[in-house]
Ligand SMILES: Nc1ncnc2c1ncn2[C@@H]1O[C@H](COP(=O)(O)OP(=O)(O)OP(=O)(O)O)[C@@H](O)[C@H]1O
Ligand SMILES: C[C@H](N)[C@H](N)CCCCCC(=O)O
Ligand SMILES: [Mg+2]
């Protein structure tokens with residue numbers, strides 16, 4: 001694996017078998033693509049895996065649960081607990097529209113869904129410090145969900161800072177970090193090629209790279225996650 005990243009066969013300290021919170025260093029880094037591919041991979045292994053979007057803003061056109069359902073070929077693979085139209089942080093979107101948005105309702109919906117399925121793949125909203133509701137942020141929901149976190153990051157210059165800050169914030173709240181995915185990795189620059197190894201040394205996390213994928217094909221998205229993340233990540237009797 002180029003970039004000194006951990007290989008697809010690397011052992012992991014934390015698996016996603018009992019659920020995982022897919023968090024990002026920012027909005028638009030690839031949380032949904034990774035969530036969709038991981039959920040599809042778990043389901044093809046026979047796991048009762050369901051992706052959970054706690055609150056979708058910018059809806060429509062943004063529809064992360066719909067993307068996961070399309071990749072997995074079934075609406076049963078994803079659930080969206082709340083939708084808001086403004087393409088903003090949830091707390092800001094709710095203020096703009098005057099709609100009520102209660103943190104306890106969001107947290108309760110997430111924990112209910114986590115309890116109701118074998119493997120919940122919960123996707124964050126933007127990055128960790130995004131205002132969610134009632135003065136709480138996405139990071140509070142991650143901590144309350146009591147799941148390990150998988151961090152999705154950009155691969156290019158600038159990601160060292162964002163990724164190290166994100167991992168530090170998770171660990172300061174006692175959230176185990178499964179690893180880091182450097183997404184849309186092409187290795188086209190010295191920064192890209194060195195970033196995975198530097199992130200591993202900065203965070204003591206395994207780092208995997210996922211290349212640009214054909215996101216028009218659900219199969220290619222699942223293939224792209226299965227081929228670049230370790231099977232040990234799935235936990236249980238992963239082959
Ligand atoms: N590995 C990849 N290969 C090709 N395109 C990708 C890849 N990862 C993400 N994308 C594209 O980049 C854009 C942003 O990805 P995505 O929607 O997954 O980000 P996100 O972190 O979930 O964003 P948000 O914060 O809005 O939920 C999308 O158009 C997606 O199809
Ligand atoms: C609109 C789209 N659904 C995005 N996921 C919303 C992300 C809010 C990010 C807020 C911020 O960090 O400035
Ligand atoms: Mg998303």
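Backbone N, Cα and C atoms are what each Cβ position is placed from, and that goes for glycine too.
Per TrEMBL, ATP binding site is recorded for 28-33, 64, 123-126, 183-184, 211-213. In the three-state DSSP scheme, residue 184 (ATP binding site) is classed as coil.
Following the DSSP three-state reduction, the secondary structure of residue 32 (ATP binding site) is helix. Using a 10 Å radius centred on the Cβ of residue 32 (ATP binding site) and all shown protein chains, the other Cβ atoms total 26. For 32, 64, 123, the entry in TrEMBL reads Mg(2+) binding site.
Within the same chain, the residues at least 6 positions away from residue 53 (active site) whose Cβ sits under 8 Å from its Cβ are 64, 65, 78, 79, 80, 81, 123, 125, listed in sequence order. In this structure, residue 53 (active site) is part of a beta strand by DSSP. Look at TrEMBL and you will find 53 tagged as active site.
The 10 Å shell around the Cβ of residue 57 (substrate binding site) contains 23 further Cβ atoms across the protein chains shown. Under the heading substrate binding site, TrEMBL lists 57.
Checking the recorded positions 28, 30, 53, 57, 124, 126 for a CB within less than 6 Å of any atom of ligand 3 leaves no residue at all. Distance between Cα atoms for residue 124 (ATP binding site) and residue 57 (substrate binding site): 11 Å, as a whole number. Here the C-alpha separation of residue 184 (ATP binding site) and residue 57 (substrate binding site) works out to 24 Å.
Within 8 Å of the centroid of the Cβ atoms of 32, 64, 123, where the record puts Mg(2+), the same chain has further Cβ atoms from 22, 31, 35, 36, 51, 53, 65, 67, 68. Every protein chain shown contributes to the tally, and the Cβ of residue 184 (ATP binding site) ends up with 17 other Cβ atoms within 10 Å. For residue 57 (substrate binding site), the spatially nearest entry among the binding-site residues 28, 30, 32, 126, 212 is 126, judged by CA separation.
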